[in-house]
Amino acid sequence: MSFVPGQENAGGRSSSGNRAGNGILKKTTWADQTERGPNNQNRGRRNQPKQTATTQPNSGSVVPHYSWFSGITQFQKGKEFQFAEGQGVPIANGIPASEQKGYWYRHNRRSFKTPDGQQKQLLPRWYFYYLGTGPHAGASYGDSIEGVFWVANSQADTNTRSDIVERDPSSHEAIPTRFAPGTVLPQGFYVEGSGRSAPASRSGSRSQSRGPNNRARSSSNQRQPASTVKPDMAEEIAALVLAKLGKDAGQPKQVTKQSAKEVRQKILNKPRQKRTPNKQCPVQQCFGKRGPNQNFGGSEMLKLGTSDPQFPILAELAPTVGAFFFGSKLELVKKNSGGADEPTKDVYELQYSGAVRFDSTLPGFETIMKVLNENLNAYQKDGGADVVSPKPQRKGRRQAQEKKDEVDNVSVAKPKSSVQRNVSRELTPEDRSLLAQILDDGVVPDGLEDDSNV
């Protein structure tokens, strides 16, 4: 039994004639029941052979094979494409957990020439293929292949290939890529919003079922060339506009001190409950220092705020507005209006208490528990986020402090003893006779021995 992504209980013969590739029933018309020749199916155009790995050109603009999902495009240079263990497999209806295994394939897109004559290389785009399908259908899970990143669900058996049929673009659209809650998308990448292909028979069936009058009008429209949009046209136009303005498409916008200050002030002007902390306005500036009443946030998360790559995991636990009001205990408390010199105003606090319950079946449970344990009561740990480094002193203040330290370190001479003070005065006749007697006897009185050399 082969599975078809996007369809419930899909078998090897993936669908009957009245089911679209995305699993939605469509209206059966007369045109769907009649036999169609090659020309009718393609509305007068020549049959386009399905491109495979051997028939597609090497220009870099053709997507290898046909992935069931839209791609993930890189928009920042130097970023690495990777998922955490157990993450990275796109969600699709009808695919059991045992079949959720495969790899992401890097598609190197073509380069183009800017108006000033320079060659610009578009950043790569990644596509997902189930194990045993796609450009590396013969590879085993975990093989070291350039441009391949292996992913699998924790319940999948990676020793066997997936029982997934290949996608036929004429009958199945590419499914917009979605991941399980808690999945962390690689930094510098974004998910394409929808597939690039559409069934060729949809517009034909619609036009043939309108009646003879509209059929003539539609046949005249067939002579007009169909307008096609290349997958990379949007990127090319954006790059050309940026090149005309003298900017590099791959260069991130620089944040100056002035712009960061403006962003920070804009956030702080909002009510406290509407602030969103980020790099320019950290958590402690928005909500104050950590303590018993605000006990969440490690050092890294306090710096980055909601820009922290782990924050989307925590956002899965955040209650909705409805859950906040209807699932919490609320209490309205009136607070003091301030000092006597301030204008009188009524201040209230809407105090709330509640709980968010989850268990080990929640997708990404282990990662969520790890992030919670790292950030809950982190201020109590040694060297926690609440330890603030001292502000650097200004140059003038530092020099004054150094000069004061030098003055403090200078040793001041002690006052002379009474004997030392007496030696400096003139000797009286009595002193001279006493000194002569001492010299004759050869005895030096106590206290005068050390002072005789002064």
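Every residue, even glycine, has its Cβ placed from backbone N, Cα and C.
Record features, source Swiss-Prot:
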COMPBIAS  50-61  compositional bias 'Polar residues'
COMPBIAS  215-227  compositional bias 'Polar residues'
DOMAIN    64-193  domain 'CoV N NTD'
DOMAIN    260-383  domain 'CoV N CTD'
MOD_RES   S162  phosphoserine
MOD_RES   S170  phosphoserine
MOD_RES   T177  phosphothreonine
MOD_RES   S194  phosphoserine
MOD_RES   S389  phosphoserine
MOD_RES   S424  phosphoserine
MOD_RES   T428  phosphothreonine
REGION    1-62  region 'Disordered'
REGION    56-197  region 'RNA-binding'
REGION    160-179  region 'Disordered'
REGION    186-230  region 'Disordered'
REGION    267-383  region 'Dimerization'
REGION    271-292  region 'Disordered'
REGION    382-428  region 'Disordered'
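A map of Swiss-Prot features onto the structure.
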residue	record	contacts (Cβ under 8 Å, 6+ apart)
S162	phosphoserine	F3, E99, K101, G102, Y130, L131, G132, T133
T177	phosphothreonine	F69, S70, G71, I72, P90, F128, V191, E192
T428	phosphothreonine	none
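Helix, strand and coil residue tallies for the domain 'CoV N NTD' (64-193), in that order: 6 helix, 33 strand, 91 coil [DSSP]. Its Cβ taken as reference, S170 (phosphoserine) is surrounded by 15 other Cβ atoms within 10 Å in the chains shown. Here the region 'Disordered' (271-292) is broken down by DSSP into helix, strand and coil counts: 8 helix, 0 strand, 14 coil. For the domain 'CoV N CTD' (260-383), the number of residues in each DSSP class (helix H, G, I; strand E, B; coil) is 51 helix, 16 strand, 57 coil.
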